[in-house]
Each structure stands twice: as C-alpha cells, then as structure tokens.
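Student: Just lifted these from TrEMBL, have a look:
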TRANSMEM  A:7-25  transmembrane segment
BINDING   A:67, A:68, A:69, A:98, A:141, A:146, A:169, A:170, A:171, A:283, A:284, A:285  UDP-alpha-D-glucuronate binding site
BINDING   A:171  Mn(2+) binding site
ACT_SITE  A:256  active site, proton donor/acceptor
CARBOHYD  A:275  N-linked glycosylation site
C-alpha cells in the first residue's frame, strides 16, 4: 500500500508537472490576433509582417497592384489606402512608382505600413506622359506600372500559388467588403463602381447569375465597359496567359478591355457584390492642392522646412 | 510516514487541480486583440462592438467629432474614414448630420462600421448654409454640428470620464499615428496639418518643447492660426467650460480661434508629433463628382437603379 501510494503520487506528479509547464509557457505568448468585425464577415490580422513573412496559408492571396507617382498629396493618398489594406488578411501590395528609381519617401511609407508588399518602379516614356497642365483623361496613367507588376507576378509566382490580382489606384475609395468579394475568383470577377463615367455608378447588368450587359453611358461599345476598379483576375488565369498586358496605345476608355479581351469573354465574368447591386468601391478623385503661398513665404525667407515630409 | 505521504499528496492534488482548472478555463478564451504594428508604436483592437459596449478601460477615450452632409460622395468619404478609425482602440465616433433628421443611409453605415458611435443631427439655419454653387470657403461648414456634439458630450459625460475630443472632417486624410499622439492631452495638444493654407503644411513652431509661434501664410494675425484638424482638446477642459462653443458668426479663418480662445492661451498648447515636425494629417479635398450622364440616361428610360445605394 505504502509503495502503491508513492507510485500513484509519482505518476500524478509527472503528469501534472507537464500540464503546469504548458500553462506557464502559454503566459506571455502573443495572441494570434484575428477576428471578425461587427458585421461578422471580415477577418483581419493586426500585426502584419513584410514581404519576407509567409502569407496566410488558409486564404488565396489578394495581390493589389497600385501605380503611383510623385505629387504633393501622394503620401496622404498612400497612407489612406495602406490603412484600408491593413484591414484585409492575406494581402500583398505591389506598389509601382512612375519614376527612374524607387523613392525613399515611398520606401519608408511601405516599411512602416505593416503590410506584405513589393516595391517596384518603372518610368512612363516621356512621350506617353501626362503633363501637369493636361486634363487627367488625355492619356492613360499607370499603364507601364501595371504591366511591370504583371511581369513581376509572372517571374515570382507559379500556377500553384492560389490568388487574385486587383488593380487599385491610389485615389479611389475602397470598402473592405470589396476585397472579400474578389478573393475567390475563378477567372474574372466583376462588380459596380461608384461615381464614374458621369453616372452615380457603372456596373454589369446581371440576370440569373450571369452578366448580360452593362449599365454605362460613356462609349457603351467598349468590349468591356468596366472601370479598372471594377474587376479582379485570378492569378492562375494571368499566369496561363504569360503575354497578357495592358496596351499603352489603347484608345481612351479601352485600356481595361485591352487586357480583359486577352483573357475572357463576357460570358466568363463572375458577378459579385450581391449580383452587382452593391457599390463597395468609388472612383473618387482628390483635388490638386493649391500651394501658392509657398513661393511667397520663400521669398520672405520663411519657407516651409523641407526636412518635414508631407 | 504513511500518513504524511498521504497528506503531501492531498495538498499537492488540491494545489495542482486549481492550476489545471485555471489552464482549462484559459483555453478557448477570446484573445484581447491588441498589437503593435510594424513600427511598434500603434496599438489597435480588432473586434469593436458598438455604443452599447463599454469602452476600453485602460485608455482615455478619443471622441472623434465629424460633421457630415448629404452629397454624392458622402458614403465613400464616411466609409474611408470609418475604416481608418477602426484601427484605433478606445475610440468613440460622434457623427453629426447637417439634416432635419438622421438618414437611413448614414445609420446603416454606422451600424455596419464596427465602431463605438453616436449618431446625431442638427440642421444648419438656411441663412448660414453654403449653396452648391458657392465656393467652399464662403461660409464655415459644420459649425452647428460640432456644437451639437459638444452639447452631447456635456450632457452624457462627466469629469471623471478620461478622454480627448478631436474634430475630424470627413474629407481629410488621417494617419493612425495622429490619434496615438492626441490620446494623452492635458489641455490642448497641437501638431502640423499638411496641404492647407496654400502651403505644404501649416503648424506650430516649437522651441524647447513650447509653442513660440506658427508657420502660416494666411491671416497670420489669427489668435490661433491652426486648422480644425490640427488640435485636440481634453474632455475635462471642455466639461469645465460648459459654455465653450464654436462661434457661427466668426470671421473666415477664425472658427478654431473662437473655441480655443475660450479654453487656453498659446502657452498652454502641448506640441505633439515629434515637436511638430511630422505631418500625420492632411487637409485633402475630394473633387465633386460629375454626374452629367444621369439625366441623359434617365430621358432614355435607362437611368441608374435608385435602389442601388452609392
């Protein structure tokens, strides 16, 4: 009896010690911070690493391609967009500067963003470039930059990487919901875009789950009358068409069609956002800030401190 | 010996059982989801409740006061701002509509935002109201709405509620960092604002930790030449001045001064954002969208579906 009690005690001691060790190890461990928000649909991870860290294994990756160029409100726009993207799990931001080299300003912003990202650059040929005085519809912007991102994807991703590619300009407004809609795209998913083409919204018309036409007023004869913000393409579809690119010489309004025409036909389009009845992305434009007082102050020797990044 | 061993066993059994119970209870508990992001400074909580839930006990509450009015890009602006605010812990959004009654559109947006919020409304008297054709500097906007929020705070909060009040218009751009800077405000904290007053930035000039003047070109004789986005006021200071309000009749550019003059002097201002050398908020403006095609389509019987909220 004396021996048996000691044995029971020893076994219990070993088992409970292991349990206690486990409990002690749990204390002070960081949380795996993911949750659903109030509408119970959006998951997001708080602490994001950068591109060296593996992406979330459970979800297809959303590759957000953003062309950008230097201007007074660039940091504001990129800050705002980066904070929206921070709410989306398993997202990889491909930011492509229209410049001869990658700028320190953008590199710093990306490094502090908490996002997975890739920082690229390519300069638009001068002959194709919009001048400051040109109206912004005169020439398409960001074509070379989006194509550079497509090149990067083809070099760095393989058909076994499950993902979707979205072309998100830095001045539009994105609800977190639109990213949720596009994640599981077979070929090309589509949805309405607000405040574009002179209308409250432009978007696909859907019947019985299929796209049967488009609500648009401007150049309705375009093969795909869809704004850049109104579609996403599956990574595997892009990788299986390694030559697919945006055409820098496309007629005004035909840039989206120049890519989509190489990948799908209208019948392949997958309507999203409740059969294209919800507007969760808006074609907003930010006013060019007026900085007339800078010169005046400078002449008085009281100009802005150029060490202060704006 | 036999008895002593049994006693030791019993004591150990009781102690380890309590430990085991604790460990079991910890399993399956939701994480307290707060983390630091890549730059290691911003804490934020993922899962936000709504106004019925208690605010975070550990942090002073940031009351963000946003006046808003119906316009084509209102939902876009509020969506974008709400998603920025979602990244900030212990924040309460006081959204005040310039309208005779609270709109369903805004109420829905708030309900789905995942934020703590209060939805108010008050109509600007017609004589004070900016017309669609007026330049936006002609009359101050949002005065009655900000004052309504001050009234609400005075009715619903007591001096023991530790917090800070920030007036955040719905078109500006906010880095999450600026909220971190303002949280611990004794009286009034201040920092630079980008792209305002015709300059790259306007902001306090600081020497030895004290505000000694302002970098500004426009009406430098203003008592407080600070944009609405460039300061925050401690809740206790506001509650100890129950009559403090924005003056609806203030001269152009003097609206901020009309409130601050009732609360502090320049010497009381607390410089933030690395002694006012960092721009973490920008006075961006969104272009009025052109919706000319709507009428044309309507005449053709193909107008936008008004059930689709933009």
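Placement of Cβ uses the backbone N, Cα and C atoms for every residue, glycine included.
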Student: Considering the recorded positions A:275, A:284, which residue's Cβ sits among the greatest number of other Cβ atoms within 10 Å?
Tutor: A:284
Student: To the nearest whole angstrom, state the Cα distance for the pair residue A:67 (UDP-alpha-D-glucuronate binding site) and the residue listed as 'N-linked glycosylation site'.
Tutor: 29
Student: If H, G and I count as helix, E and B as strand, and all else as coil, what does DSSP give for residue A:256 (active site, proton donor/acceptor)?
Tutor: helix
Student: Tell me the Cβ contacts of residue A:171 (UDP-alpha-D-glucuronate binding site) under 8 Å, same chain only and six or more apart in sequence, or just say none.
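Tutor: In sequence order, the residues whose Cβ lies under 8 Å from that of residue A:171 (UDP-alpha-D-glucuronate binding site) (at least 6 apart) are A:77, A:284, A:285, A:286.
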Student: Between all pairs in A:67, A:68, A:69, A:98, A:141, A:146, A:169, A:170, A:171, A:283, A:284, A:285 (listed as UDP-alpha-D-glucuronate binders), what's the biggest Cα distance, rounded to the nearest Å?
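Tutor: Spelled out: the longest distance between any two Cα atoms in A:67, A:68, A:69, A:98, A:141, A:146, A:169, A:170, A:171, A:283, A:284, A:285 is 21 Å.
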Student: Using Cα coordinates, what distance in whole Å links residue A:169 (UDP-alpha-D-glucuronate binding site) and residue A:275 (N-linked glycosylation site)?
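Tutor: Between the Cα atoms of residue A:169 (UDP-alpha-D-glucuronate binding site) and residue A:275 (N-linked glycosylation site), the distance comes to 24 Å.
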Student: Chain B sits near which of the recorded positions A:141, A:169, A:256, A:284, counting only a Cβ gap under 8 Å?
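Tutor: Near chain B, the qualifying recorded positions are A:284.
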Student: Just the number: how many Å between the Cα atoms of the residue listed as 'N-linked glycosylation site' and residue A:69 (UDP-alpha-D-glucuronate binding site)?
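Tutor: On Cα coordinates alone, these residues lie 34 Å apart.
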Student: What kind of secondary structure is the residue listed as 'N-linked glycosylation site' part of, going by DSSP in three states?
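Tutor: Where the residue listed as 'N-linked glycosylation site' sits, the three-state DSSP reduction gives helix.
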Student: Please report how many Å separate the Cα atom of residue A:69 (UDP-alpha-D-glucuronate binding site) from that of residue A:256 (active site, proton donor/acceptor), as a whole number.
Tutor: 20
Student: In Å, rounded, how far does the Cα of the residue listed as 'active site, proton donor/acceptor' sit from the Cα of residue A:141 (UDP-alpha-D-glucuronate binding site)?
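Tutor: Distance between the two Cα atoms comes out at 12 Å.
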Student: Just to confirm: which same-chain residues, 6+ apart in sequence, have a Cβ under 8 Å from the Cβ of residue A:141 (UDP-alpha-D-glucuronate binding site)?
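Tutor: Within the chain, residue A:141 (UDP-alpha-D-glucuronate binding site) has Cβ neighbours under 8 Å at A:67, A:69, A:98, A:124, A:130.
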Student: How would DSSP class residue A:171 (UDP-alpha-D-glucuronate binding site) in three states?
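Tutor: The three-state answer is coil.
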Student: Counting across all protein chains shown, how many other Cβ atoms sit within 10 Å of the Cβ of residue A:67 (UDP-alpha-D-glucuronate binding site)?
Tutor: 26
Student: Let me know how many other Cβ atoms fall within 10 Å of the Cβ of residue A:69 (UDP-alpha-D-glucuronate binding site).
Tutor: 17
Student: Suppose we draw a 10 Å sphere around the Cβ of residue A:256 (active site, proton donor/acceptor). How many other Cβ atoms does it contain, all chains included?
Tutor: 22
